[in-house]
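Quick look at what TrEMBL annotates:
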- 12-31: transmembrane segment (TRANSMEM)
- 88-109: transmembrane segment (TRANSMEM)
- 144-160: transmembrane segment (TRANSMEM)
- 166-199: transmembrane segment (TRANSMEM)
- 211-233: transmembrane segment (TRANSMEM)
- 253-283: transmembrane segment (TRANSMEM)
- 295-311: transmembrane segment (TRANSMEM)
- 317-335: transmembrane segment (TRANSMEM)
- 347-369: transmembrane segment (TRANSMEM)
- 389-411: transmembrane segment (TRANSMEM)
- 418-437: transmembrane segment (TRANSMEM)
- 537-560: region 'Disordered' (REGION)
Amino acid sequence: MGVYRETNIPRWLGILTLAVAFLILFEPWFLGIRELFRLEGFYAVQAAEFSPSSSIVTAHGVAIRNAYPLYPALTALLNRGFGLEMELALRLLSVVMVAASAAVVFIAAASERSSRAGFAAAAMFLGSNLILEKGIDGDPATMSMFLLLAAQLVFFQFGVRRTNWSMGWICALGLLALGFLAGGFWVILLFVFPMFFFRRPLSVKSKFRKAGFPIGVAILAGTVLLWGLPYWVMSHTVPLESLWWAENSFLEYLLKLLCFPVEFAVRLLPWTLIAWVPFCVALQALDETPIFSRYLRTLTIATFGLLWLLPDNDPRDFLFLLGPLSILVGINYELAMRRYGHTFRKWLILCEYFAVGAAVAIAVGCFAPEEFLSSFMSLTHTSDFSDSFHYRVIAVGASALLLLLAAYLHWGRRTRPVWLMLLCTSVAVGIFFWVVLQPYRAQDREKREFGRTIAEAMKAESSGLLYKSNILDLYGELFYSGKEVRKLQEPFRLPAGERVVYLLGTEFPQRPDRIWTNLLPPGYTYKKHRLGLWKGELRPQEEEEEEEEAASPLSPVSAP
């Protein structure tokens, strides 16, 4: 077997390739076609109710204790200041954070090694299944990821490399303060926890005495206090609530422990092929910058262990691993290719098959009858989106592009860079996602229809304020109604002074002081729950007195 070689591409061409791949993978112009999905409705309500005069984040008038203001504030700026639709504002902010993180990853790896290392690192970051799936959701996780990664790299750059620990503490903790405003105490934990595993020369035990450390801590503590004090001051006047994930049983926790590494490997595809490279002991002995590599490995392993052992976490938490791991892969890329390049190229044949399979899947999904498709898979929506001539032209073009990618993978995997071949595979995934999966999911109009139903029911009513009983969700649905919503902990907390109130609930309101009329059709259900939109009018004073007299016990009859 000869010496492994792969052709280099110019720096400008590599950057252009990454930019084109980013546009294909994230399609910024199509971000708003799907209605608010899962927690996006929750964040949309936060942004709609956000006030620059307060750091308190509310949803339907209830202060959320574990919500943080940076993401709703920037979303509100895009929505109100620049006129973007809420769906687009939420997702565009996430995608911008992905692009910024990819730029940081590229700069970190390229400055440490070469442009090729930067290309490999940024390509892995942008091309993983994880970032394609979660990076387009309207969620503060990508913003938290960017700020945490920036804090970790700045800390190493100023502290370890330049030995200016004061500046390192100030800059890192300043960025961490912004990260707290995006992701809360969880971001602080992810920054601090790996420090317990730092060994010389990375140990920070003696660096706490630097002048910049108390300054950085003061910045971070001041930010936390500015966020927390309004909640404490307003705790007696504003209802408080926390957003928690569902609790898992012990058996579910054990299952999570078993499946966690496999799930992470699947979410890294197709980059799982080279993601293990930085942890190869044979390559670590040849590392030209062992301190930086050790720093990144400590961040990756410590964070991975923390996420693995926690009883409950969200798949978006994997994002905090992706930045350090991608940089590690980039700076070890050339060494790994020299040693294992021929082996990697053999596995790239699977990428060809995938590209061809994706092209066939697009053609079948577009032109095959719905009855044929339903015999192989369970369809929750129709395939009507594929009936238009415009869509079929796009589908044919996408299939042709995927076949060209398959041909390029076939001929290029012998000489072209492995990172470029894997990036082409990721692009094939992105094409299939945006041509088939996203239009199929975009047919879901359930939340919009529910919001329209509420708006139509209240169209003739003068008041725009809608009270919601103690229902856990319906944030996205009621956002589409266009009504101002206030959540009540109990029905008896309805304002007594209002002549007419509107209450959305699952049960008949137990308030006899009002005449209740359901504005929704009898037996109306949403997601298998019966709902009523009740209009409550105060009873006339005379009628109330008669009812009180009728309800009072008979007075005792005096003895003769």
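A Cβ is built for glycine as well, from the same backbone N, Cα and C atoms used for every other residue.
Where the annotation comes from TrEMBL, it is an automatic prediction and has not been curated.
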Check your understanding: Of the stretches 253-283, 295-311, 317-335, 418-437, which racks up the most C-beta pairs under 8 Å with the transmembrane segment (12-31)?
Key -> 418-437
**Study point:** Contact between the transmembrane segment (253-283) and the transmembrane segment (211-233) (at least 3 Cβ pairs under 8 Å, separation 6+)
**Key:** no
Exercise for review: Go through the chain and flag residues at least 6 beyond the ends of the transmembrane segment (317-335) whose CB is under 8 A from any CB in it; none is fine as an answer.
Suggested key: 101, 104-105, 108-110, 112-114, 116-122, 124-125, 128, 130-131, 134, 141-142, 144-145, 148-149, 152, 190, 264, 267, 271, 274-275, 277-278, 280, 283, 286-287, 289, 292-293, 296-297, 299-300, 303-304, 307, 419
Exercise for review: Could you tell me whether the transmembrane segment (88-109) and the transmembrane segment (295-311) are in contact, taking contact to mean 3+ Cβ pairs under 8 Å with a sequence separation of 6 or more?
Suggested key: no
Practice item. Return yes if the transmembrane segment (418-437) and the transmembrane segment (88-109) have at least 3 CB pairs under 8 Å (sequence gap of 6 or more), otherwise no. Key: no
**Study point:** Tertiary contacts of the transmembrane segment (389-411), as residues 6+ beyond its ends and Cβ separation under 8 Å
**Key:** 348, 351-352, 355-356, 358-360, 362-363, 365-367, 421, 424-425, 427-428, 431-432, 435, 439
